[in-house]
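Listed in Swiss-Prot:
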type     : residues       : note
ACT_SITE : Glu421         : active site, proton acceptor
BINDING  : Thr139, Gly178 : FAD binding site
MOD_RES  : Lys89          : N6-succinyllysine
MOD_RES  : Lys90          : N6-succinyllysine
MOD_RES  : Lys159         : N6-succinyllysine
MOD_RES  : Lys216         : N6-acetyllysine
MOD_RES  : Lys241         : N6-succinyllysine
MOD_RES  : Lys349         : N6-succinyllysine
MOD_RES  : Lys437         : N6-succinyllysine
MOD_RES  : Lys446         : N6-acetyllysine
MOD_RES  : Lys446         : N6-succinyllysine
MOD_RES  : Lys512         : N6-acetyllysine
MOD_RES  : Lys512         : N6-succinyllysine
MOD_RES  : Lys652         : N6-acetyllysine
Amino acid sequence: MNPDLRKERAAATFNPELITHILDGSPENTRRRREIENLILNDPDFQHEDYNFLTRSQRYEVAVKKSATMVKKMREFGIADPEEIMWFKKLHMVNFVEPVGLNYSMFIPTLLNQGTTAQQEKWMHPSQELQIIGTYAQTEMGHGTHLRGLETTATYDPKTQEFILNSPTVTSIKWWPGGLGKTSNHAIVLAQLITRGECYGLHAFVVPIREIGTHKPLPGITVGDIGPKFGYEEMDNGYLKMDNYRIPRENMLMKYAQVKPDGTYVKPLSNKLTYGTMVFVRSFLVGSAAQSLSKACTIAIRYSAVRRQSEIKRSEPEPQILDFQTQQYKLFPLLATAYAFHFLGRYIKETYMRINESIGQGDLSELPELHALTAGLKAFTTWTANAGIEECRMACGGHGYSHSSGIPNIYVTFTPACTFEGENTVMMLQTARFLMKIYDQVQSGKLVGGMVSYLNDLPSQRIQPQQVAVWPTLVDINSLDSLTEAYKLRAARLVEIAAKNLQAQVSHRKSKEVAWNLTSVDLVRASEAHCHYVTVKVFADKLPKIQDRAVQAVLRNLCLLYSLYGISQKGGDFLEGNIITGAQMSQVNSRILELLTVTRPNAVALVDAFDFKDVTLGSVLGRYDGNVYENLFEWAKKSPLNKTEVHESYYKHLKPLQSKL
């Protein structure tokens, strides 16, 4: 164990194990998660190949092998609970993206959300056993987030009771679905439904694309891999072109919308019901943002405690770089953000489960807010985590650029989340659409509930400058209630500004669509403010439920740091709205620096509490034992370029050149 890391852990003011229990949901969850992790670590079939030294084809093969082993082992160990499956996959796949992943994250959830009982009976068991390997084919070459623009067609033929699937243009070719290129034999395809000469919009169809047994593409199907990408090298993101490809009528998922044998269309109770899978995945991505940012913080903070560089006082030993205030200012707000997103991820997951249960009983009243909240928070958390991971990499100096640090892989694997499952700016605008509707309802005298209830205060003009002039004297920068209120006022103000600017554009005889585009920067700002408020509120609301005083104190400081750092970064909004004064902004900045000092003794223990195994981090710099330099040298020796003392290119190109000189 590196002596600096041993000293850091001994200096902590709390027991990290207690925070691990909180993050896992309970001590029993922690026990069970570790039990599952040990099943893998102690299994001779579990091999961890260093993906950094593999070709793309090798990475794909290893990932497929791991996926197959994973399914066999889950059967062997009797792992069936969704949360336990997630724990198992995380450690078993390590830093490999699984080519069969969309079978579990999209194909099966879509069957559950949109399939009838008969359809679930037909396809669920084979897909769980990987007889059917499914993917989710929505995105096309020419359209992604704009679903209405998708061009793939499914035309119903009542004579044969079949749908005829076509990719009528180059831009209509399905493009990007994970696992489509080489792995999947079925896809849930989103296509424009045409029956009796009329188009009824997007619907989901279960489409066999490869023959089971031979795995060869079926007639009428053109399918393949789209080529190398920024990351995800082991994932076979693919393309799919369909030419007059016929599937039975029963392959349309018909839990909500239906097509009768004669071609009659039966519309769903709500069009939003078909967005179930996207809402599920977006809610999952909030937790994924927390996980990825936590990994990067763990690596950067441990390494910053091990790395000694430069000097603060002359003639003294080189300090740990974690002692530099600038390093703390880079990393500790990100650590606080990782914790905020952990609690937010759990909140959104529980909210999704609760509302999904209500939807199952026919109550759709909370669906619009759930749709808006998951869209906005998906964008807010993935943007923030994406930038934070890169900040962690740069905080590791030159070694952060090496794949040995593990952070480049975390970054390239996470960054697509800013565009997949809805491009982030468009997601923010979806949230804004909901906020504008709520604003209009409040203006017409209706009281609203949920996370937007703060807009009820607008008609009383409590957010107008003359009314808020007294507010600055009440702001207590050490009170989380007071800071949550400040975020609430910022959100309300920016929602109102966006709404009034939108109305002004419409009153200038602009069409609603043009007015929306001309107000879109304000609308995104309003959504971001709403999401920021929700995050602060969820984090602050979690603290009173924590029993241990030492743990509560540490997390309270992180929550304060998260809230105050956000105010300093968005200072213009708080100052313009007279929510805080210039003098208070100076206090905020001073308090942030104090909180860095307070957090410093607990920084390593706080990342230890995430409880990542070294094999999960895949990092030489972020090792639990802190033995960085010895292992960095050993890692470099594994480079394929070092297999020979003299590379063959020397004999081919350099030696002939030198002999002629």
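A Cβ is built for glycine as well, from the same backbone N, Cα and C atoms used for every other residue.
For the pair formed by Gly178 (FAD binding site) and Lys349 (N6-succinyllysine), distance between Cα atoms is given as 23 Å, rounded to the nearest Å. You'll find the Cα of Lys216 (N6-acetyllysine) roughly 15 Å from the Cα of Lys241 (N6-succinyllysine). The separation of Glu421 (active site, proton acceptor) from Lys349 (N6-succinyllysine), Cα to Cα, is 16 Å. The CA atom of Lys512 (N6-acetyllysine) is located 67 Å away from the CA atom of Lys652 (N6-acetyllysine).
Look at the modified residues Lys89, Lys512 and count other Cβ atoms within 10 Å of each Cβ; Lys512 has the fewest. Take the CB of Gly178 (FAD binding site) and look out to 10 A: across all protein chains shown you find 25 other CB atoms. When the alpha carbons of Lys241 (N6-succinyllysine) and Glu421 (active site, proton acceptor) are compared, the span between them is 21 angstrom. Across the fold, the C-alpha of Lys90 (N6-succinyllysine) and the C-alpha of Thr139 (FAD binding site) stand 26 Å from each other. The two recorded residues, Lys159 (N6-succinyllysine) and Lys446 (N6-acetyllysine), have Cα atoms 51 Å apart. In the three-state DSSP assignment, the secondary structure recorded for Lys241 (N6-succinyllysine) is strand.
Cα-Cα distance from Lys89 (N6-succinyllysine) to the residue listed as 'active site, proton acceptor': 21 Å (rounded to the nearest whole number). Note: the CA-CA distance between Lys437 (N6-succinyllysine) and Lys446 (N6-acetyllysine) rounds to 11 Å.
Residue with the densest Cβ environment among the modified residues Lys216, Lys437, Lys652: Lys437, by other Cβ atoms within 10 Å.
Distances between the Cα of Lys652 (N6-acetyllysine) and those of the recorded positions Thr139, Glu421, Lys446 are shortest for Thr139. In this structure, Lys159 is the one among the modified residues Lys159, Lys241, Lys349 with the smallest number of other Cβ atoms inside 10 Å of its Cβ. DSSP gives Lys159 (N6-succinyllysine) a coil state; it is part of no helix or strand. Residue pair the residue listed as 'active site, proton acceptor' / Lys446 (N6-acetyllysine) shows a Cα separation of 33 Å.
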